[in-house]
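Quick notes on the structure that follows.
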């Protein structure tokens, strides 16, 4: 079986290297990842310039290791449609340096890599380790490979992917595993305005995270309690509970139509 691996930290990031080594115990691995960091790129795809896939040297057993001058979604799309000779049994995106929790999933290139696999009908998994700089990816990689084996055997529902967040703790201090829902967080942005040497304004985007929903059943809450969080996500973003109410108060826009 073949496992496609990508990320948003770039092909030289330590997380993807640890992940590919561990997944090689489960199946054959193909690495197709951005040539440079593309964090917070969301689900952007490249439509206005050529994409190039360049072979790179890789430590460990892989079918291929290619760096792409595009986004994580580009990498998965390109791999599935042009680069691979067979369909992968699983798409894994990660291991990201830093958690992807709550509304982070809407910005995350890591999650979008897995999302692109899901759009194309492949079981898919996004993996993030809640740490910064110099962290040890070995436990996260080992846990991901065990989870990958289960997913390959059991599959996932159509249109569903998993978002995995692992605490940056020694394995003995992790409190267990939680199946969670998305929490809610926002970034209280501080925009810094500066001037370049020519006197033209430019801006830096920064800010602090504010967790608005961190109940114990959320991914944010679970990680805060030292537990591994697995959140099933699906492609359908429809708010079904609001459809009838919306139809009722917008019916005047097209009288007599109703909610067909």
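Keep in mind that glycine also has a Cβ here, set from the backbone N, Cα and C atoms.
Listed in Swiss-Prot for this protein:
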type	residues	note
BINDING	8, 9, 39, 96	divalent metal cation binding site
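Distribution of Swiss-Prot features across the structure.
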{"residue": "8", "record": "divalent metal cation binding site", "DSSP (3 states)": "coil"}
{"residue": "39", "record": "divalent metal cation binding site", "DSSP (3 states)": "coil"}
{"residue": "96", "record": "divalent metal cation binding site", "DSSP (3 states)": "strand"}
Task: Fewest other Cβ atoms within 10 Å: which of the binding-site residues 39, 96 wins that one? Let me know.
output: 39
Message: These are the binding-site residues: 8, 9. Which one scores highest on other Cβ atoms within 10 Å?
response: 8
- line: Same-chain neighbours of the divalent metal cation site, Cβ within 8 Å of the mean position of the Cβ atoms of 8, 9, 39, 96 and not counting those residues, run in sequence order as 7, 10, 13, 15, 37, 38, 72, 97, 98, 108, 109, 110
